[in-house]
Amino acid sequence: MGSHVIDLVMLRNNFSTAEMRAIWNDEARITKQLAVEAALAQAEGELGLIPKEAAKKIAKVAKETTFDIAAIAEQVAVLKHSLMPTINALQAAAGDEGEFVHYGATTQDIVDTGTVLQLKDAYNIVLRDTQVVFEKLAKLAKHYQNVPMVGRTHGMQALPITFGYKLAIWVDEFGRHLERLHEIKERVFTGNINGAVGSYASFGPKGSEVERQTLAILDLNAPTIGWQSSRDRFSEYASVIGLISATLGKIGNEFYNLMRTEINEIEEPFSKGKIGSSTMPHKRNPAAFEGLASLTPPVLKSVALIHESMHVEHERDAMSWRQEWVALPEMNAYVSAQLAILANVLDGLQVKEAVMARNLEKQHGLLLSEKVMFEVGQKLGKQTAHHLVYECAMTSFEEERPFIDTLFEQAAIADTYARAEVEQWLDPTQYTGLCADKVDEVLAAWQTKGFLKEG
């Protein structure tokens with residue numbers, strides 16, 4: 001039983017996924033650190049820094065032994081050191097060859113590189129699920145490419161768009177997130193094995209080769225120079241996670257608003273027995289949308305904490321280091337939940353096309369004031385037409401009268417245009433501009449880049 005919301009049995013799946021939690025638990029942390037110790041011993045054995053038999057024994061024990069996490073945790077409390085109890089346990093398990101455990105390395109070498117291994121596993125989940133959401137959005141954008149709806153600016157009705165167009169904007173945004181995830185991989189997944197101050201002194205003249213071989217075994221990149229005091233790699237990863245989360249939160253908030261009773265254009269998936277309120281039986285609340293939107297703020301707080309961790313004193317310290325232990329698991333947990341929520345929502349999203357159509361007529365033609373202005377402006381001039389249409393629109397708005405009636409009270413319109421012609425101007429389905437075309441352009445662009453399959 002835990003005390004953090006990520007670990008609370010009744011709530012944790014709202015804030016994370018089981019798959020992501022498993023990457024950041026005690027067992028995973030120690031397992032990755034032991035993997036680094038095993039790789040270090042193997043590399044040092046191959047390079048002659050330690051006996052080959054000792055290297056084989058250490059690597060075998062590190063990979064195959066089940067260590068007592070509770071006992072290690074007890075020793076952490078006694079020794080006031082997060083890694084030494086693990087080193088001691090590995091040494092004891094390796095017997096006489098254990099004297100060569102952790103040879104030349106410093107704690108931060110092992111912990112940082114272990115964290116990168118954990119982060120790589122987390123990244124793979126984020127990349128996979130971002131791709132899943134991207135593809136689901138693309139499919140829906142194409143499906144609803146020509147479905148007209150109200151476009152809103154400043155929270156108010158503005159001009160007609162299509163639902164597919166709205167979704168295509170998010171498709172394009174997720175495509176850029178995928179590009180960013182692929183772009184940062186080489187920089188972020190870089191280990192660090194270079195000793196107490198990064199000088200390789202404890203490894204002797206083969207220090208750089210020890211690092212390269214150790215990290216090659218772990219399938220990580222080797223740095224040009226140690227990064228114990230340079231935490232920008234984690235900050236870059238965090239920045240991309242923050243961008244992905246911000247898009248996810250924006251979508252959650254947008255869907256939340258579109259599900260409002262007064263708008264009612266979409267609804268999140270509903271299952272029989274789902275309760276919206278303990279006191280109002282009729283409520284069908286946007287719980288998934290709220291959850292999706294609510295997780296962005298804590299992600300961004302974790303991102304900020306990672307950025308603060310770049311402030312490192314001298315060659316390294318533990319103040320900024322510990323902030324990463326808090327922020328990296330949290331941001332990955334929260335964004336994994338967001339991606340899972342949205343993927344599930346998109347699978348069962350109810351799109352109410354009839355309601356979208358009714359909302360297009362809600363202001364009795366005012367939604368097409370721009371169209372009227374440009375049509376009339378061809379004869380009167382755009383600015384003169386703007387003034388004329390503005391006066392008609394305000395009258396229609398304030399008196400709650402059909403826009404076409406107030407327009408035909410103006411001689412400049414009544415004497416020039418047939419009512420049937422103006423009625424055509426006021427058809428919202430005929431004034432969505434290039435919305436449908438843009439859906440195809442977005443999908444084609446990402447197909448060309450190889451992020452999206454054709455069809």
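Cβ atoms are placed via backbone N, Cα and C, with glycine included.
The following features are taken from Swiss-Prot:
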{"type": "BINDING", "residues": "T106, T107, R233, S278, K283, R284, N285", "note": "fumarate binding site"}
{"type": "ACT_SITE", "residues": "H154", "note": "active site, proton donor/acceptor"}
{"type": "ACT_SITE", "residues": "S277", "note": "active site, proton donor/acceptor"}
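Distance between Cα atoms for T106 (fumarate binding site) and H154 (active site, proton donor/acceptor): 55 Å, as a whole number.
For H154 (active site, proton donor/acceptor), other Cβ atoms within 10 Å of its Cβ number 5. Of the listed binding-site residues, namely R233, R284, the sparsest Cβ surroundings within 10 Å are found at R284. Secondary structure at N285 (fumarate binding site), taken from DSSP and collapsed to helix, strand or coil, is coil.
For R284 (fumarate binding site) paired with H154 (active site, proton donor/acceptor), the C-alpha to C-alpha distance reads 26 Å.
Rounded to a whole value, the Cα-Cα separation of R233 (fumarate binding site) and H154 (active site, proton donor/acceptor) is 37 Å.
You'll find the Cα of T107 (fumarate binding site) roughly 53 Å from the Cα of H154 (active site, proton donor/acceptor). In the structure shown, the C-beta of T107 has more C-beta neighbours within 10 angstroms than that of any other entry among the binding-site residues T107, N285.
Comparing H154 (active site, proton donor/acceptor) with N285 (fumarate binding site), their Cα atoms are 24 Å apart once rounded.
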